[in-house]
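As structure tokens, the structure follows; a few thoughts come after it.
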């Protein structure tokens, strides 16, 4: 993502509806196109400030990972006969799933808060209910207070997650966006490892007290080291702050040749101010809320929502999060002789290790092949695990360790694609004007589906006749995930946000990244580079620069 694209998504110069509107779009496209297609696009060193900011912004995910995995260590301890708080199986299902049902509510709040307070301030605010929630759990003397704590921590998880993903989407360049967004799940996986490890050796109350520290540290790091999103700053008219944020995020990017850095920054600030004035003038004649609502009535709004609904439905009922929330219980249900708490630690370590690899996978490979490989591995692992679980139940095998190994391989397979990619797409698929709300709505929808999946685990176990049948159900849903990725899932790897928006707007067919048509498109966009430098150096008015730029582009198209 180029710093000069702040405040709006990029639309194609060739999609013209009327002359004035197209001049605006042309200007925006030219400004955004140069550096993102330059040799610095593959230069990791130039993106270090973006990487640093993205990881710190996503640091609150460690609390999310701990909160999600906490039920896996809490439920077995509460169901122990020696527990000072007695819970039923029905109550334990609510302890696991209630945190999920709070996420949609929190996400809706996050969508509003991040527009008014900013991306990073919303993350900081999330620490307040989170700390109160952990205190309520640590001091609980009944099932009610545990539920209160889970509700508050779930609410905080939603408020802290959405702004981080939107922030990373807005500050990262296209080729690194997927990998940087995946840093959130990676850090969350680290939180799961911490929760599983502490739960194996410490009482659940002590773990809750310790979790307060993990809540405070990310907030302190964000406050001290990370600048706010320039996109949001520009939308609020805080141009000087946006310029400071840009200087930090892109300080390792080279300036155009023969251009003084300070002068370039002054021109950049002037361009942003000019663009912001146009936005404010347009907003005076259109009600903002109605405009956002209309955004979801367009193909660029409702098509991504439909795609994400089915994608998340497959994800949730393939068992990914059921095995997370009930890790210890799930391992006990297969009848293995392996210690369930110890095995859960390996599950957490596997998730974390694969999260690190996943960042590389998302950068290197396209989304659809990753999902297809992921679902294939998941289907095989759950089918084999279910078969051995049945044999263990019937006493026809002594290989009780096989389902545990299959579970670990299943976790590896899920981390390749089906666990992480749907969350990545919640911010990628929506256009700029509805990205914050669109992400929050899709995030809420995903967590509602997660709630029904987690809540139904104990019921599915009884209805289907045992853990082996539940695992076979997970295998069948994984096969459906393979078919869905093959037929319906759009490809977003290596695509700019403007290209993704254009795909939904025009209904274009998927085009491989290395196809001739796509290569020609990249070359065409690359021609804008010299025009961009001309615009930066030119002191003339915006309207004149747009006309001049269009003329230059037409001449280059004839070459």
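Positions of Cβ are set from backbone N, Cα and C atoms, glycine also.
Automated prediction, rather than curation, is the source of TrEMBL annotations.
Keep in mind that this is a model prediction, so the values were computed, not measured.
The range from 283-305, 306-328, 490-512 that TrEMBL describes as transmembrane segment is residues 306-328. Here the transmembrane segment (125-145) touches the transmembrane segment (206-226). Their Cβ atoms form 3 or more pairs under 8 Å, with each pair 6 or more residues apart. Taken together, the residues of the domain 'Major facilitator superfamily (MFS) profile' (53-493) have an average pLDDT of 83.
When Cβ distances are compared across the two stretches, the transmembrane segment (440-457) makes no contact with the transmembrane segment (340-362), since fewer than 3 pairs at least 6 residues apart fall below 8 angstroms.
Among the recorded stretches 180-200, 206-226, 306-328, 369-392, 398-419, the one sharing the largest number of Cβ pairs closer than 8 Å with the transmembrane segment (469-489) is 369-392. Here the transmembrane segment (306-328) does not lie next to the transmembrane segment (151-168) in space: the count of CB pairs under 8 Å, restricted to residues six or more apart, is fewer than 3. Contact check: the transmembrane segment (206-226) against the transmembrane segment (398-419) gives fewer than three Cβ pairs closer than 8 Å, residues 6 or more apart, which falls short of the contact criterion.
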